[in-house]
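Copied over from Swiss-Prot:
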type	residues	note
TRANSMEM	39-59	transmembrane segment
BINDING	Cys42	heme c binding site
BINDING	His93, His194	heme b 2 binding site
TRANSMEM	97-117	transmembrane segment
BINDING	His107, His209	heme b 1 binding site
TRANSMEM	123-143	transmembrane segment
TRANSMEM	193-213	transmembrane segment
Amino acid sequence: MFTKQVTDSKAYQWFQERLEIQGIADDISTKYVPPHVNIFYCLGGITLVCFVIQFATGFAMTFYYKPTVAEALSSVQYIMNEVNFGWLIRSIHRWSASMMVLMMILHVFRVYLTGGFKKPRELTWVTGVVLAVITVTFGVTGYSLPWDQVGYWAVKIVSGVPAAIPVVGDQLVTLMRGSESVGQATLTRFYSLHTFVLPWSIAVFMLLHFLMIRKQGISGPL
């Protein structure tokens, strides 16, 4: 993987003595890829790229977004109209969010139709399903953050759905909203989920997902 000029350098020798980077590079570059693999096997990787874009653009917007009922919408308008390239950053965030959900759905279908969930890859499939749920939850929580009419009523409807569950339904609604009605506590909880809980959760399950894929390799043809 490394050229002779690189391997002869002092920097390479320094890292090689301490981390054995040649072995790591060989493991990455010589992994067997089955001949039946085609472009549809790249859908998972495209989903990852979309997430990286989401993380970068979302992080950029946290410098200007204000998660309060009174200022959320005005801060989003400020990002769109006043911040340099703010309109582009938020637009890319929205477009890549839609693309991430689409690629995730197509990836799930590809894995299911090609039997990639079968033994010995059951746990890889389980972590993938968890990642799919987290991805959808990202969309639901992010949709509310502008706190406009669309976001407000979306939160009100989504947070009211658990009320139909027997016994614990009302408690779940209160847990999601932070109170009996939709308000500041609801926005704070959705913002915390969207910017802290979900990113850490998806990072952990992505790591598990990729480690299992590296260990087991790509599934064979049907």
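Placement of Cβ uses the backbone N, Cα and C atoms for every residue, glycine included.
Of Cys42, His93, His194, all annotated as binding-site residues, the residue with the shortest Cα distance to His107 (heme b 1 binding site) is Cys42. Counting same-chain residues at least six beyond the ends of the transmembrane segment (193-213), those with a Cβ under 8 angstroms from any Cβ of the stretch are 48, 51, 55, 58, 62, 121, 123-124, 127-128, 130-131, 134-135, 137-138, 141-142, 145.
Taking only the Cα positions, the spacing between the residue listed as 'heme c binding site' and His194 (heme b 2 binding site) is 26 angstrom. With a cut-off of 8 Å between CB atoms and residues at least 6 apart in sequence, the same chain places Phe138, Thr141, Gly142, Leu145 near His194 (heme b 2 binding site), listed in sequence order. Put plainly, the binding-site residues His93, His107 were compared by Cβ crowding within 10 Å, and the winner is His107.
Cβ neighbour count for Cys42 (heme c binding site) (all protein chains, 10 Å cutoff from its Cβ): 14. A separation of roughly 24 Å, to the nearest angstrom, links the Cα atoms of His93 (heme b 2 binding site) and His209 (heme b 1 binding site).
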